[in-house]
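Engineer: Below you will find the structure I want to go over with you.
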Amino acid sequence: MHSSVYFVALVILGAAVCAAQPRGRILGGQEAAAHARPYMASVQVNGTHVCGGTLLDEQWVLSAAHCMDGVTDDDSVQVLLGAHSLSAPEPYKRWYDVQSVVPHPGSRPDSLEDDLILFKLSQNASLGPHVRPLPLQYEDKEVEPGTLCDVAGWGVVTHAGRRPDVLHQLRVSIMNRTTCNLRTYHDGVVTINMMCAESNRRDTCRGDSGSPLVCGDAVEGVVTWGSRVCGNGKKPGVYTRVSSYRMWIENITNGNMTS
């Protein structure tokens, strides 16, 4: 489904970046109440969960661009909505084929910037109490440091790499970007288009990439990268700020696929 072709040198460089700044890293959280987060999506490749996502409306899901690294036209990409458990039968869960995959034009495997992707479902999602969109934060203002925000996903929940079958959630505290960029943390690589959250033994982990960071009633960020070791307090979790990409998201979801 992901048709972009990268030069070999770019792929090698991208691998080096990811080794230093691993992608998608819920550790230290707890199981979410079933269907309490009806906006959550599971992005799946060939039937396997790879990333989280946010349902924006009946046809569009927002996630992280790096989730499609290595995915080809021969792979099957689907989005699961209405799920708490990835495997157990549930009355409201349904898989949707993906009609279009639209990565941000600035996203590249050798870069941490512009790490967003939009999936257009092949048919409208059936909305209700268990499947419901969540609004994005479009006001371009910083979230105050110390603000408590929620993140959820089906990613790794232990250092041993155990992946849960049910949705887990975590509350994190927003960190000042200047602090996050200190040499002892991320050493200047966090840009104005990113935001940080404290990660001391409580963090997103592998498989949580693309999941929304929810502050109040809006999506403020998308899980993108962090530490090689999830929950490392010296490597805060980093999220892509959605307000920085308002125009791109609106253009694509309103039908301007060339944006």
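Here the Cβ of each residue, glycine as well, is placed from N, Cα and C on the backbone.
Pasting the feature list from Swiss-Prot:
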ACT_SITE  H66  active site, charge relay system
ACT_SITE  D115  active site, charge relay system
ACT_SITE  S209  active site, charge relay system
DISULFID  C51-C67  disulfide bond
DISULFID  C149-C215  disulfide bond
DISULFID  C180-C196  disulfide bond
DISULFID  C205-C230  disulfide bond
DOMAIN    26-254  domain 'Peptidase S1'
CARBOHYD  N46  N-linked glycosylation site
CARBOHYD  N124  N-linked glycosylation site
CARBOHYD  N176  N-linked glycosylation site
CARBOHYD  N251  N-linked glycosylation site
CARBOHYD  N256  N-linked glycosylation site
REGION    224-228  region 'Self-inhibitor loop'
SIGNAL    1-20  signal peptide
Engineer: Would you identify the secondary structure of C215 (disulfide bond) according to DSSP, in three states?
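Structural biologist: Assignment for C215 (disulfide bond) reads strand.
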Engineer: Measure from the Cβ of C180 (disulfide bond) and count the other Cβ atoms within 10 Å, all protein chains considered.
Structural biologist: 24
Engineer: Here are some recorded positions: N124, S209, N251, N256. Which one has the most Cβ atoms within 10 Å of its Cβ?
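Structural biologist: Checking each of N124, S209, N251, N256, the winner is S209.
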Engineer: For C67 (disulfide bond) and S209 (active site, charge relay system), what Cα-Cα distance in Å is obtained after rounding to a whole number?
Structural biologist: 7
Engineer: Same chain only, sequence gap of 6 or more: which residues have a CB within under 8 Å of the CB of N176 (N-linked glycosylation site)?
Structural biologist: P145, C196
Engineer: Give, as a single whole number between 0 and 100, the mean pLDDT over the region 'Self-inhibitor loop' (224-228).
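Structural biologist: Mean pLDDT across the region 'Self-inhibitor loop' (224-228) comes out at 60.
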Engineer: Out of N46, C51, H66, C180, give those recorded positions positioned within 10 angstroms of D115 (active site, charge relay system), comparing C-alpha atoms, in sequence order.
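Structural biologist: Within 10 Å Cα-Cα: H66.
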Engineer: N251 (N-linked glycosylation site): which of the recorded positions N46, C51, N124, C180, S209 is the nearest Cα neighbour?
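Structural biologist: Result for N251 (N-linked glycosylation site): the nearest of the recorded positions is N124.
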Engineer: Can you count the other CB atoms that lie within 10 A of the CB of C149 (disulfide bond)?
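Structural biologist: Looking across every protein chain shown, the total is 21.
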Engineer: Within a 10 Å radius of its Cβ, which of these disulfide-bonded residues (C51, C67, C196, C215) has the fewest neighbouring Cβ atoms?
Structural biologist: C215
